[in-house]
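What follows is a set of notes on a single structure, which appears directly below.
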Amino acid sequence: MVLSQLGSSLVTALRKMTSSTVVDEEVINTLLKEIETSLLGEDVNPIFIRQMVNNIKKKINSEDIPDGIDKRKLIKDSVFEELINLVDPKTEAFKPKKGKTCVLMMVGLQGAGKTTTITKLALYYKNRGYKPAVVGADTFRAGAYEQLQMNAKRAGVPFFGIKEESDPVKVASEGVRTFRKEKNDIILVDTSGRHKQDKELFKEMQSVRDAIKPDSIIFVMDGAIGQAAFGQAKAFKDAVEVGSVIITKLDGHSNGGGALSAVAATKSPIIFIGTGEKVNEIEEFDAESFVRKLLGMGDLKGIAKLAKDFAENAEYKTMVKHLQEGTLTVRDWKEQLSNLQKMGQLGNIMQMIGLNHPMFQGGNIEKKFKVFMVILDSMTDRELDGSAKTMLNDESRIRRLARGSGRDIREVNELFEQIKLFQQCIDRLPKAMRAQLGNCNAQPNEAAMMQQMQRMLPKGVNQAQLQQLMKQMNAAGLGGTGKKGKK
């Protein structure tokens, strides 16, 4: 996870406070000192930390706490709120709309990962039903044209560039004009970077901006620079009216917290963070969701948004229909597994849910799902359109699949047992509850749903985790039997 060491330190500090026999001034001061030390270790500006600590102290002043108020909960809530304030610029960013062309101009220093981020962003939007295209207007860096062209091809998105052209304004203008005609709804324009901020760089960016008139300018910056991000983000914002920021390389450095808080202080909205080198390792940034995952609280908002994106695809609707009818096919399972992998890392999805059971651990489940996909890719159309139960009853097919996929017979059996178990879980639901599968407008009856789900989950998942998972299912459109609203 991004900033996992910081998250671990903060969680440990809060647990110490919670387990204290008496929460007095000494316990509170120890907690705040540990939080301060943890944030300093992430290169967060000491001024920001001091302001945060003072805000927490004001909220938990013992003299102002009424009788009957849970002091431990008040302290935890105050820390949670102030951590959000630390990384939240409280400024809305531009959001593209499907079917309406928008031009996004990408700027940043050389080495920040701008060209790679453009590809990640294009694939992110492509997987959510947009028609993105990329324009290679970085005419300064050697190899920029070839890198973006190759990345775009791998991501399956259109690319425009003029290899021998040295004028970035001409390339950007022609690229935007071309993709407007082709009705692409997101046009991502790569621009030249430099090793440092200089007048020449800003002048070139301003010329490109004036020529293509972007709907938003996105500044891509390296998270490794820590609190120095404040000056860098402010300089770019003042030069070309940066509309939002993407912070890269947050997975491998201890300065990420400093970068996030510094950018937030410039009032520039952070829209995405880079979480790894892979093309799908980019996350939409939301301050509350980020802090929830940091503290291991689960991210209801994030999983609900993911579920909304997920539920819009036609394959999902087909799967819901088959689940309701009790006719789930192996192909349904394969398509949804593929969609999950496109939407983002499975480990990140498990963090959103906030479950710590071994079967839900990110690394384990990603490795397992990759094995499952290898097996599924070895199946014939006839086998894919059949049921898991049919496959389990045919030992010769199981052996053939194991040989064809290069996997163990045990792994092949495990795949079909998982699919079979999933269908059985749905079959155990009452008919009224099953009828609401996929209905995002239904209001769930949580008590009834909890009783039904207790038999479905593995041992070791506690009541709180079960309730949280149930909320996620409702957010995903796997709702309960509550009454529908009036039409």
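A Cβ is built for glycine as well, from the same backbone N, Cα and C atoms used for every other residue.
Per Swiss-Prot, the feature GTP binding site maps to 108-115, 190-194, 248-251; the stated evidence is similarity to another entry. Residues or ranges marked as region 'G-domain' by Swiss-Prot: 1-295. Per Swiss-Prot, the feature region 'M-domain' maps to 296-487.
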Once the chains shown are all counted, how many other Cβ atoms turn up within 10 Å of the Cβ of Gly108 (GTP binding site)?
28
Using a Cβ-Cβ cut-off under 8 angstroms and a sequence gap of six or more, which residues of the chain neighbour Thr191 (GTP binding site)?
Met105, Met106, Val107, Lys114, Ala137, Asp138, Pro168, Ala172, Glu204, Met205, Val208
Counting every protein chain present, what is the number of Cβ atoms, excluding its own, within 10 Å of the Cβ of Gly111 (GTP binding site)?
14
Any idea which of the binding-site residues Lys114, Arg194 has the thinnest Cβ neighbourhood at 10 Å?
Arg194
Secondary structure of Thr191 (GTP binding site) (DSSP, helix/strand/coil):
strand
Secondary structure of Leu250 (GTP binding site) (DSSP, helix/strand/coil):
coil
